[in-house]
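Worksheet: one structure, shown below.
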Amino acid sequence: MLTIAFVLFALQLSATASPSPVMGGIQRIELTRRQPSIANHTAPADIQRVGQDVLGTLGKYTSAFKYFQENTGKAHDLVDGVTNNSKRAVATEPLADDGVALYTGLVLIGTSATVPNVPQRFTMGFDTGSASSFVVSASCTTTTCQAHRRYNPALSTTSRNLNKPFTLKVSDTESVGGAQYSETMSVAGLTATDQVFGVANTYPNSFSSYTTPPDGRVGMAYGAISAFKSSTSLPQTLNDQRALTTPVFAFRLGATGSELTLGGTDPTAFTGTVTYVPVTSRGFWQVNMDGVSVSIPPTTVGGTATVTKPVSRTQAILDTGSQYIIGDANNVAKLYAAIPGSTAIGNGMYSYPCASDPTVSLTFGGVSFPIDPTLFNQGTVPGNTDQCLGAVVAAPQTKPPQRFWSVGDVFLQTVYSIYDVSQNRVGFATLR
């Protein structure tokens, strides 16, 4: 489980407790990482699941490009080559990793009409690759819906039906739809009023495949890619309503000690200086990536590692809602060509000799950040225990070709990532 450190929230929140008033400093809630269904690098890779995640991520972007066009009146600069398939404060909230790079934490919605100070509670995924938040409606009575907390607007005095329908693509083949509402939404004791979100009539089947399915999703990107026209995402709303000490949120993701910090950074989570790079388009958390390098350990004692830089400068989307790194087909082929013994195994995936233990690094702002080889290794290829599946996957070939990379959890677990809403920049630092 992943925790989100937060400033004013009780260490344990009872069913009748209300959020403590926000104070200075940072309080933390211990986080436990929910285990994935497959232990990578020690078991056969789930090839089908990798493919589904990649297509689902790209499908999410396709919808976001559509929303960007509707919201801004212009095409997004990455749209070519995408496959069509109270008091200011700092707060940290606990998150959980659902095994598919979806990190979840507690979100409180609404104001009780019957019991004072008792909002409705949801476990929701925090997604920097989306700006649209949604939960499931209490009117959904299917078995799948009943297994989750559902939002009932009749139980909240601050709920407002906007009388606008919505349809939101949540995977390559699946969408959810329902009604738009505005409501009070709180994370770790920080509260946004009149936050627009979707109340879905069905529960996404694709979410059910997660080890511990969430109740919904919180979009953390810019409102320009929201499915809800003229609305802002939760971080933007918190900033606009002056609920944050500083207009920043940050993630520490990993097997243990994961957290989302709102309103600042957690200086105990990282070491050294922060490398900042500007957002190049205010929709996604999109930045310039200087390149990708590969280091192959020496084959003899006292030898020298072989280092190459097969991928040069390109645009990158930082996406906590995706597990893998997805690149254009030509550059991904170059990357694996730099790893001796690599083989294309279909659907954009590549295997490489497990024993080669390569270190792949992404460079931002002139600083290279290495991916832990145990994260790059996604498990052995079925039928060949000597070959392992790499965590960098090629997007389907398109004309014109895709011109950007999606950088997901595999990389984000290796850095402390900072998202500055006011200065429109992303920071990277070395984890402590």
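For all residues, glycine too, the Cβ spot is worked out from N, Cα and C.
Within the set CYS140, CYS354, the cysteine that TrEMBL bonds to CYS145 via a disulfide is CYS140. Note: the Cα of ASP127 (active site) and the Cα of ASP319 (active site) are spaced 7 Å from each other. Under the DSSP three-state reduction, CYS140 (disulfide bond) is assigned to coil, being neither helix nor strand. Regional average pLDDT for the domain 'Peptidase A1' (103-429) in the model is 91. Taking CA atoms as the reference points, CYS140 (disulfide bond) and ASP319 (active site) are 29 Å apart. Long-range Cβ contacts of ASP319 (active site) within its own chain (separation 6+, distance under 8 Å): THR57, ASP127, THR128, GLY129, PHE284, TRP285, SER406, VAL407, GLY408. Note on CYS140 (disulfide bond): other Cβ atoms within 10 Å of its Cβ, all shown chains, come to 18. For CYS145 (disulfide bond), the same-chain residues 6+ apart in sequence whose C-beta sits under 8 angstroms from its C-beta are VAL136, THR202, TYR203.
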